Amino acid sequence: MRRSKTRRIFHVSITLLLVSTIFCQNGTKPHNNSTSDQMSSSWSNRSQTMYSNASSLLSDLLLDYDIRLRPGFGGDALLLTMDIIIASFDSISEVDMDYTLTMYLHQYWTDERLRWSNEIPIDEMTLSGEFSQNIWVPDTFLANDKHSYLHEVTERNKMLRINVDGKVAYGMRLTSTLSCSMNLRNFPLDSQNCTVEIESYGYTTSEVLMKWNYPLAVHGVEQADVPQFTITGFHTEDSIVSTATGSYQRLSLVFQLRRSVGYFIFQTYLPCVLIVMLSWVSFWINHEATSARVALGITTVLTMTTISTGVRQSLPRISYVKSIDIYLVMCFVFVFAALLEYAAVNYSYWGRERGKGGGGNEWPVNGANKEDRESAVNVQKWVPSGLMDGVPQPQDRRVEALEEAMSTSNTAAQNNNFESTSKPKKRSSSPIPPLCRAGNTISEESESPDYPRYSTTSLKGARPHASLNHKTHHLKGRSSARAKRRMTLARMNVSMKQSISGIGRRARKVIPTIRVRDVNLIDKYSRVVFPVCFIVFNLFYWSYYMMVPS
């Protein structure tokens, strides 16, 4: 009985415990909901309080704030520290002497007017960039800037952060094109130093002191990739710049850049080498193939000129000589020398052939004016053609024969006039009837080496014609004067040719004549000399410019 009673009591107690537990759980749910509502309500009230506190705090901070005055006005100089984060190197231009850089610029200073009490539960406030218009900010600028702009996607990339102790952090993201004075004497095997120069525009060193935020003054340089360059290092500098308005603090970030020559090897150097080697092909072409060798030489020369023009257009117009100019000029010299080599071969070959054939060119007698040219025609009418052929020749024998012929002609004319008074003349009135024909053509008898014989027979009983004799005398006198002037010109040409011949003989005595028996030897030697000289030039060129300090 006792056991059964004890079991009943145990079961009843267990049942009551379970029922009480269930009721307790059901009773706590409404209590938890009310607690969460109370917490959310408290957070909302607290947030509203903080918003109101922050708004009132900013209003209180700006209540008596004068943005025209720097922090610590009238006291010690304001310490302004800054750091830079490099986002990217966009481009570098040798023509414009500048480079484009995207960076984050952060500036830090302390403004006592922006402090607030520690009792306010706000330790730091991050504000938009527009708030910077309500407080004093440094008048920082980039001294070597050409063109800069702030990014505005999706909002204006400016940031302002204020701490409880009055410390201000002011940051912005900008892209700037900065000038970079380059020394291109070793281009494209050169190294350059490009800088970012930061300076205060209006505040002197007595009002604002600028310092780098060491040890983390510059970030992101190792991850930056520069087109056609390799960043070998960087360092920061600070200096004081004195101008007419005072002394200003300047912070400089110097990038040490070395140009990558791979682009120029494939763009300039390798084509030049191939063109020079192409010019050597003419040494294996027969020297009688004039059109082929000349066309090849001219093509290589024009190609080198085109490459040189393209390189000059990608560089600024500077007065000093660059290393790439030396290489292009030497390649042009090698190509042009290959063309001159064929000129030497051609001259040697055809000069020898002409020497074997003999003969030479005769010098023409140049008339001084129109009157002299007319006198030459008149002389040909009255002087035998064999003698006239000798006038333009440089030999003294023919000139003397011409003079003797003219004197004989004058004597014959006088005899003919004397005989005409007693004997009748023939039909022809010319004093030299056997030598002339109709149409002013010279008789073939004039080619005889003997002097001409004039006829003295005339018709008996015929009366002389005075008018004809008068015209004949006048014509012969004028022709004789012109013939003498013509002979004077012939003597001048003879003396000129003799003088030039004498100079040539003296020059040949002084300068030894190089005679090549086989013109193919010039091509054979050129096949070796040209490549060897070009290889030696390249060894000296690359050894010097790869080792010389830029």
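Cβ coordinates come from backbone N, Cα and C, glycine included.
According to Swiss-Prot, the listed position annotated as N-linked glycosylation site out of Asn45, Asn493 is Asn45. When the residues Asn193, Asn346 are compared with Swiss-Prot, the one annotated as N-linked glycosylation site is Asn193.
Looking at 92-111, 212-231, 292-311, the stretch flagged in Swiss-Prot as transmembrane segment turns out to be 292-311.
The membrane topology recorded in Swiss-Prot splits Thr154 and Gln498 across the two sides. Counting Cβ atoms from all protein chains shown, Cys180 (disulfide bond) has 19 others lying within 10 Å of its own Cβ. On the backbone, the CA of Asn193 (N-linked glycosylation site) and the CA of Cys180 (disulfide bond) stand 8 Å apart. Using a 10 Å Cβ-Cβ cutoff, Asn53 (N-linked glycosylation site) registers 16 neighbours.
Fewest Cβ neighbours within 10 Å among the recorded positions Asn193, Cys194: that distinction goes to Asn193. Distance from the CA of Asn53 (N-linked glycosylation site) to the CA of Cys194 (disulfide bond) is 48 Å. Rounded to a whole value, the Cα-Cα separation of Asn53 (N-linked glycosylation site) and Cys180 (disulfide bond) is 50 Å.
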